[in-house]
Amino acid sequence: MTRKTLAIEGLTATTVIDGQQRVLVDNLSLGVQRGRILALVGASGSGKSMTCSAALGVLPPGVTASRGRVTIDGVPYAANALRGRHVATIMQNPRSAFNPVRTMRDHAIETLQALGKLSSNPQDQIVHCMRAAGLEDVKTILSLHPFEMSGGMLQRMMIALALLSEAPFLFADEPTTDLDLVVQLRVLELLEKLVEERDLGILLVTHDMGVVARLAHDVAVLDHGRLIEQAPVMDIFQTPGHEVTRMLVSAHLSLYGMELNA
């Protein structure tokens, strides 16, 4: 059976610095399949997060997506039609994504309103998604403000809000950053479970090759905004083809006193 695929095609994003045009994402194409996790890796500043922002039309001021499109099974979608309905997002710093003066219930209701999915009795929808995200004491959590919650709880709540959209694809930008190792593992296990149970397709932006090894099916490597290598995860770790990929894998292995075979 053919899996539904989200394809980023020929994406280019540029900015102007000191009167000179600078390319931040350079004619990038890649595909994310439902039921699989594609890790987007590279050094800091390689264009990982910018790729997601450009694909979803949420670029910072001064940056323009000058070319490219996003399709699902060959059908092109405008960025505003993708966001929420077809692609949900979770961010690397969940604390900054929540309004500090509003409760988790407020955030859930606002999410449903923005998606046009608010029913007369939304409680069941909210509870179901929170439990799917591993949050059990739902009544208490819904009454909390962001400052009353740990980073791990906020990340799970962000995942729950993403699940409210029922989108088939998820862009996860550094979802384990600033979390301790135990919480990191729980978040990774949760994402893996959601892929299996909900057939989610995930584009996982990360600099952590340990996360890649644990979670990804496939890996795309960026360097200065260009896609330089894409392969199944085992091939990336065992036989990386590009020098930049070799450097990333070697640096990861050196943390454990290991070396990449020549």
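Using the three backbone atoms N, Cα and C, a Cβ is placed for every residue, glycine included.
Swiss-Prot annotations:
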BINDING   GLY42, ALA43, SER44, GLY45, SER46, GLY47, LYS48, SER49  ATP binding site
DOMAIN    6-249  domain 'ABC transporter'
Three-state secondary structure, which DSSP defines for ALA43 (ATP binding site): coil
Conformational class of SER49 (ATP binding site) under the three-state DSSP mapping: helix
For the domain 'ABC transporter' (6-249), mean pLDDT (0 to 100): 92
Candidate with the highest Cβ count within 10 Å, taken from the binding-site residues SER46, SER49: SER46
Cβ-centroid neighbourhood (8 Å) of the ATP site, GLY42, ALA43, SER44, GLY45, SER46, GLY47, LYS48, SER49 excluded: MET50, HIS207, LEU222
List of residues, in chain order, with Cβ under 8 A from that of SER44 (ATP binding site) and at least 6 apart: HIS207
Other CB atoms within 10 A, centred on GLY45 (ATP binding site): 13
Nonlocal neighbours by CB distance (under 8 Å) for GLY42 (ATP binding site), same chain, sequence gap 6 or more: LYS48, HIS207, VAL221, LEU222, ASP223, VAL244, LEU248
Residue, out of the binding-site residues ALA43, LYS48, whose Cβ gathers the largest set of other Cβ atoms within 10 Å: LYS48
